[in-house]
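As annotated by TrEMBL, domain 'Carbohydrate kinase PfkB' applies to 3-293. Among the features that TrEMBL reports, substrate binding site is placed at Asn12, Ile13, Asp14, Gly40, Lys41, Gly42, Ala43, Asn44, Glu139, Asp251. Positions annotated as ATP binding site by TrEMBL: Asn183, Thr219, Leu220, Gly221, Ser222, Lys223, Gly224, Gly250, Asp251. According to TrEMBL, the K(+) binding site annotation covers Asp245, Thr247, Val281, Arg284, Gly286. Taken from TrEMBL, the feature active site, proton acceptor covers Asp251.
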Amino acid sequence: MTKNIIVAGSINIDLVYAVPHIVKEGETIHSTKHDLFFGGKGANQAVTAGQLGADVKFVGSVGADDHGIRAKENMERKGVNTEAISSQGATGQAIIQLSDVGENSIVLFPGANFLVTPEQIKESKGIFETSDILLLQLEIPIEAVEQAAKLAYENGTKIILNPAPARDIPNSLLQKVSILTPNETELELLTGIAADSEENLRKACHVMLEKGVNAVVVTLGSKGAFYMTSEESGFVAAQVAEAVDTTGAGDSFNGALAVALCHEDSLIEAITYATIVAAFVVTRMGAQPDIPKEFIR
Ligand code: ATP
């Protein structure tokens, strides 16, 4: 049976410019190559889940502009229902300079993502009633994230919160979360504990469990992931991969985790599946590569 996932979050266009060096104040330089990638944490997670066979509905906002039309078309193509995406303002953009020596600098323009309101989320109440999982990140206003969590919680829908980009999170929101999925930096910001040893990693996860989340899954880049619930904890190793671009590794991990949990996999099985999908994604350029059918659940 197809499983229903709602993603409430951000949609961006990533404009990448290859440059000889990062532009300095007052300087004008020529870019030698330009690429447009589809991005935004919400969209990245949604298209991963969509490509893995889930029925995915997206709540969010793009601009009333060409980028917005293209971003929505891309999401539809990758299995995401875009009916609850509104058009207002200008589409969110990340303007990325990539230098010859691999340095980058990014200007992030949130645009329409910051125009998502709790009222817009409430208007999509109907789709929360039929969903198995709500997947959230922190690139739309926190009030909108809280409203989505409230609707899901009232329906008994499992909530996965990827607390990225890092910021403080109200306890009232954490208490509704089934699985919190920080990376090490985000976990440190949330707890004040640097995950520089297994002992500290465990301490930090404990802090989050005490704040009310049911499970913590910490992504550790090429080291894989660590999980903790009140009953069990442990590491799941990353799959070996020839990484060419790790942008969006965490997003594909979250999208795949949601899909596996919809199929009632155990937490460890779901994390293992997520590491397999993320290991594929890091071998391709961009945060939303085509995922082969063999990964479908
Ligand atoms: P991003 O912000 O770029 O989306 P992140 O910091 O949220 O990334 P990471 O912890 O870097 O997320 O990676 C998420 C998951 O992707 C890891 O738990 C791991 O399973 C997989 N992964 C990341 N890097 C590699 C790699 N080099 N090789 C294999 N798997 C990787």
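Every residue gets a Cβ built from N, Cα and C, even glycine.
What TrEMBL annotates, mapped onto the structure for a quick look.
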residue	record	DSSP (3 states)
Asn12	substrate binding site	strand
Lys41	substrate binding site	helix
Glu139	substrate binding site	coil
Leu220	ATP binding site	coil
Asp245	K(+) binding site	coil
Asp251	ATP binding site	helix
Arg284	K(+) binding site	coil
Max Cα-Cα distance in Å among Asn183, Thr219, Leu220, Gly221, Ser222, Lys223, Gly224, Gly250, Asp251, the residues listed as binding ATP? 16
Pick the one among the binding-site residues Asp14, Glu139, Asp245, Asp251 whose Cβ has the fewest other Cβ atoms within 10 Å in this structure. Asp245
List the same-chain residues at least 6 positions away in sequence whose Cβ sits under 8 Å from the Cβ of Val281 (K(+) binding site), in sequence order, or say none. Thr48, Gly248, Ala249, Ser252, Ala287, Pro289, Ile291
For Thr247 (K(+) binding site), which residues in the same chain are close in space, meaning a Cβ under 8 Å from its Cβ, but six or more apart along the sequence? Gly39, Gly286, Ala287
Neighbourhood of ligand 1 - binding-site residues from Asn12, Asp14, Glu139, Thr247, Val281, Gly286 with Cβ under 6 Å: Thr247
Within the same chain, and leaving aside Asp245, Thr247, Val281, Arg284, Gly286, name every residue whose CB is within 8 angstroms of the centroid of the CB atoms belonging to the recorded K(+) site, in sequence order. Val244, Thr246, Gly248, Ala249, Val282, Thr283, Met285, Ala287, Gln288, Pro289
Closest to Asp14 (substrate binding site): which of the binding-site residues Asn183, Leu220, Asp245, going by Cα position? Asp245
Ser222 (ATP binding site): tally of other CB atoms within 10 A of its CB: 14
Based on Cα distances to Ala43 (substrate binding site), point out the closest of the binding-site residues Asn183, Leu220, Asp251, Arg284. Asp251
C-alpha of Glu139 (substrate binding site) to C-alpha of Asp251 (ATP binding site): distance in Å? 13
Apart from the site residues Asn12, Ile13, Asp14, Gly40, Lys41, Gly42, Ala43, Asn44, Glu139, Asp251, the 8 Å Cβ neighbourhood of the substrate centroid comprises Gly9, Ser10, Ile11, Phe38, Gly39, Gly92, Ala287
From the binding-site residues Leu220, Gly224, Asp245, pick the residue whose C-alpha lies nearest to the C-alpha of Lys41 (substrate binding site). Asp245
Look up Asn183 (ATP binding site) in the DSSP assignment and reduce it to helix, strand or coil. strand
